[in-house]
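A short write-up of the structure that comes next.
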Amino acid sequence: MTRTDNNAVEVRGLVKHYGETRALDGVDLDVREGTVLGVLGPNGAGKTTLVRCLSTLITPDAGRATVAGHDVARQSRQLRRTIGLTGQYASVDEKLSGRENLYLIGRLLDLTRKDARRRADELLERFSLTDAAKRPAATYSGGMRRRLDLAASMIGRPAVLFLDEPTTGLDPRTRNEVWDEVQRMVAEGVTVLLTTQYMEEAERLAHELTVIDRGRVIAEGGVAELKAKVGGRTLRIRPADAAHLSAMAAAVREEGLDGVAGVQAVPDEGVLHVPILSDEQLTAVVGLLGARGFAVSDIGTELPSLDEVFLAITGRQAASVTDTIPQEVAA
Amino acid sequence: MSAATSTAPATADDDGRIGLRGNLRHIGALVRRNLLWIRQDPESMFDAVLMPIVFTLLFVFVFGGAIAGKGNQDAYVNYVVPGLMAMMGMNIAMGVGTGFNQDFQSGVMDRFRSLPIARSSVLIAKIVVEIGRMLVATAILLTVGFLLGLSVSDVPGLLAAVGLSMVFGSSIMWIFLTMGVTMKNAQAIQGMGFLVLMPLQFGSSIFAPTGSMPGWLQTFTDHNPLSSLADAARGLMNGGPVAHDVWVTLIWSAVITAVMAPVAIRRFRTKS
């Protein structure tokens, strides 16, 4: 990983209106070279508008943004040489085969015919699409299409990659494949700005997080910082004997671990909810139960949902699609 | 785009401009994409292939007798085929708008627009392919025409007539490209296109001489560029005065292109 103190992306006071709606209402953010910034927010928060501004698809109304040192408004052509973009909806030509799609992008990026062919085959191989290379993309599954889309974004070896909700609508297994690919790209030194609605995705991929809502940044920081703010994970413990619930809760409470005071017995479900902030606390709680001789039939951790993060940060429910941005824009 | 004002140290030698060769390469790659579409979906050529056959047969056998006298269809073939050439240019030009609009429904336009290519090359590639489709349609039209007894006295004149139809047709494409970028869906473009094209096509000298039309309509048909194009094509193929109509058609083409091409490119560039 080539982490430096230089920012690959700098955004200052970015504003974009759609009629009366301020889709972006003065956004500031930085992405350090070689890192992944996760931009977290509900539908209609302005995530897509942000990515579209940074990839020069739309022109901001006010504010300034640079990507790899190029100004989005004044140096859009140079900027486009340095970026890759994977949108919320797979931006591949469905009528063309996978190979033809990649070859086309290669040619548009000024590769020679030979190099474009070689690069296409290389990326098909890497994204496990070689077997489907000759089929029209319309016949691909959702995950294959998204992989093809990522491959297309990688042809020009971009310095900065924009991923707009790269796994929305994918099943868990495919989602994992996409995450692995993104991590590989980051390991090769690519800077990534990733928008997502999933806490899990942000935690898995991002070094830093920015939470936006209604076009504004409402929280930012490291993943751990933000998690601490919202209470991190919840440990769910199911005692073998439901009658032990309250005794277990008392035992955990007495131990006086930081944050664990929020321990809660949920008799309806027959489980104990223990908010934990770190792996050490998790180990301590589990160790404690063992030491006291409680029999446990099931145990697991849960990440806070985006809704819970929002509730914790803003004290209100996440904004829904309809009350911030016209449908067309949200799409 | 004032890319030349670049001050970024990383790209001091790169003002972001794309040379002519680069532009041609990009247009070539995009034309190839559209040709692959046709291979993938041959039905998309149906209009270009069937329209000239169906229209020529219909007009020659339905109206030919009435206009030129029973049993005198041959004379009408010579009249209507040059006119149909003008008409088909319009109909294919309309297709460019709907096709382009559908492209926008998928995300692939976003990808093109985020690449370091001149955004106009996407539009120009589309026009190049459609001119190819016009040529196919024209070749079929002429073949059907010859089978029905079309006579051409001047082969270079025929080629000039084909060329003139292409020039005018491609200028009209810019109008439909603009509609393709701005209008919500392909159906709307088609509906709007028919509304505009039908009066233009029938209120012209394409299908029948304008002498029997009422005075007010003649005023319209005389100024209709499609009349000029049809009359010019007739004169070029079978002799007669052409200079005036050729000039009028060329001036119309130049004006439409000069006005609509920048509008289409600008709309495409700034489309959100």
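Glycine is no exception: its Cβ is also placed from the backbone N, Cα and C atoms.
The domain 'ABC transmembrane type-2' feature in TrEMBL is assigned to B:43-271.
Annotation comment: TrEMBL describes B:48-67 (among others) as transmembrane segment. Same-chain residues lying 6 or more positions outside the transmembrane segment (B:48-67) and placing a CB less than 8 Å from one of its CB atoms are 73, 76-77, 79-81, 84, 87-88, 91-92, 133-134, 136-138, 140-141, 144-145, 148, 207-208.
Annotation comment: TrEMBL describes B:79-101 (among others) as transmembrane segment.
The transmembrane segment annotation in TrEMBL covers B:122-149 (among others).
The transmembrane segment annotation in TrEMBL covers B:155-177 (among others). Beyond the ends of the transmembrane segment (B:155-177), by six or more residues, the same chain brings 82, 85-86, 88-90, 92-97, 100, 123, 126-127, 130-131, 134-135, 138, 142, 189, 193, 225, 229, 232-233, 235-239, 246, 249-250, 252-254, 256-257, 260-261, 263-264, 268 to within a C-beta distance below 8 angstroms of the stretch.
For B:189-208 (among others), the entry in TrEMBL reads transmembrane segment. A Cβ distance under 8 Å defines the sequence-distant neighbours of the transmembrane segment (B:189-208), meaning residues of its chain 6+ beyond its ends; these are 59, 63, 67, 80, 83-84, 86-87, 90-91, 94, 97-98, 101, 176, 179-180, 183, 217, 220-221, 224, 226-227, 230-231.
When Cβ-Cβ distances below 8 Å are used as the criterion, the transmembrane segment (B:246-265) is approached by residues 119-120, 123, 164, 167-168, 170-172, 174-175, 177-178, 181, 225, 228-229, 232, 236 of the same chain, each at least six residues removed from its ends. Annotated transmembrane segment per TrEMBL: B:246-265 (among others), in sequence order.
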